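Engineer: According to TrEMBL, the protein has these features:
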- 16, 17, 19, 21, 30: Ca(2+) binding site (BINDING)
- 78, 204, 208: Zn(2+) binding site (BINDING)
- 31-49: transmembrane segment (TRANSMEM)
- 61-81: transmembrane segment (TRANSMEM)
- 93-111: transmembrane segment (TRANSMEM)
- 118-137: transmembrane segment (TRANSMEM)
- 143-160: transmembrane segment (TRANSMEM)
- 172-190: transmembrane segment (TRANSMEM)
- 205-225: transmembrane segment (TRANSMEM)
C-alpha cells in the first residue's frame, strides 16, 4: 500500500501486500509482514535441535533448515519489496515442497537414487527459469500443484497412523493450513475494503505465523511416521504439557 516514511530500498518492484509501507522504519517496507516470520524461524530451530539431538535422518535436519531459510527469505522480501528478493522468497518455497515430496514418497520408491537426483535437477532448473522470467500467476499454479501432489501421501500416513497424539498433529496441520489460507485470501482479495478500516487485521502476517506452526506440525507428524517405519518406538510428548515433539527410542544396534 501507499508509503509512509521515505524508502531506503527505492520504489516497490515486487508484489505489494495490504499493509502500509514504511510506517515504522525507512528500512522495513512491511513491518508486520516482516516480523511475523520470526515464529516460523524459532519453531524450525526447535525442530532442528530435536532432530539433531535424537539423531533423526539428515533429511529432517535439512527440512527444518529449509523452513528457516524460507522464513528468512520472506523477511528480506517483505522488508524491501524488491523483485529480486521476492524471487529469493518464492524459489525456496518450491525447493521446500520438493523436499516434502521426497520425504513423503521416497520410502516406497524402488530406485531410490533416481528421486533425489531428479528433484535436485528440477529444483535447480526451476531456480534458473524463475530468475530469468517473471511469472507471478504461473508460480502460484506451480506451487499449488506441488502441494496437491503431497496431499494423497499425507492422507495415507494419517489413516495408517493409530496413535491419537500423532493424528492430532495431522489435524492441527490441516487447521492451520485452512486458517492461514483464509487469512492470505482475505488480505489479497479484500485489500481495498480493508484499507478503509481503522484497524488492519494484517491477514498476510497472520498467514506467516500460522504457516510457521503449520510447517512445524507437518514436520513433527512426518518425523513420527518415519520413526514408526524404522521401528524406533516414537511417542508424541509435550513440553510443559503444551508444545508437542517426537521422542524416539532406537534399538541398541542403531
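Glycine too: its Cβ is placed from the backbone N, Cα and C atoms.
In the displayed structure, how are the listed features positioned relative to their neighbours?
Structural biologist: A sphere of 10 angstroms centred on the C-beta of residue 17 (Ca(2+) binding site) encloses 22 other C-beta atoms.
Taking Cβ-Cβ distances under 8 Å and a sequence separation of 6 or more, the neighbours of residue 78 (Zn(2+) binding site) in its chain are 17, 29, 30, 33, 34, 37.
Long-range Cβ contacts of the transmembrane segment (31-49) within its own chain (Cβ-Cβ under 8 Å, at least 6 residues beyond either end) map to 17, 19, 23-25, 60-61, 63-65, 67-68, 70-72, 74-75, 78-79, 202, 204-206, 208-209, 211-213, 215-216, 219-220, 245.
Same-chain neighbours of the transmembrane segment (118-137): 15, 83, 87, 90-91, 94-95, 98-99, 101-102, counting only residues six or more beyond its ends whose CB sits under 8 Å from a CB of the stretch.
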Engineer: Starting from each candidate's C-beta and looking 10 angstroms out, tell me which of the binding-site residues 16, 19, 30 has the most other C-beta atoms.
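Structural biologist: Of the binding-site residues 16, 19, 30, the most buried by Cβ count within 10 Å is 30.
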Engineer: Same chain only, please: residues at least 6 beyond the ends of the transmembrane segment (61-81) with a C-beta under 8 Å from a C-beta of the stretch. Say none if there are none.
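Structural biologist: For the transmembrane segment (61-81), the list is 9, 12-14, 16-17, 21, 27-30, 33-35, 37-38, 40-41, 43-45, 47-48, 51-52, 88-89, 92-93, 95-96, 99-100, 103, 208, 212, 215-216, 219, 222.
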Engineer: Could you check which of the binding-site residues (16, 19, 21) sits closest to residue 204 (Zn(2+) binding site), going Cα to Cα?
Structural biologist: 19
Engineer: What's the CA-CA gap between residue 21 (Ca(2+) binding site) and residue 208 (Zn(2+) binding site) in angstrom, rounded?
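Structural biologist: Here the two Cα atoms are 18 Å apart.
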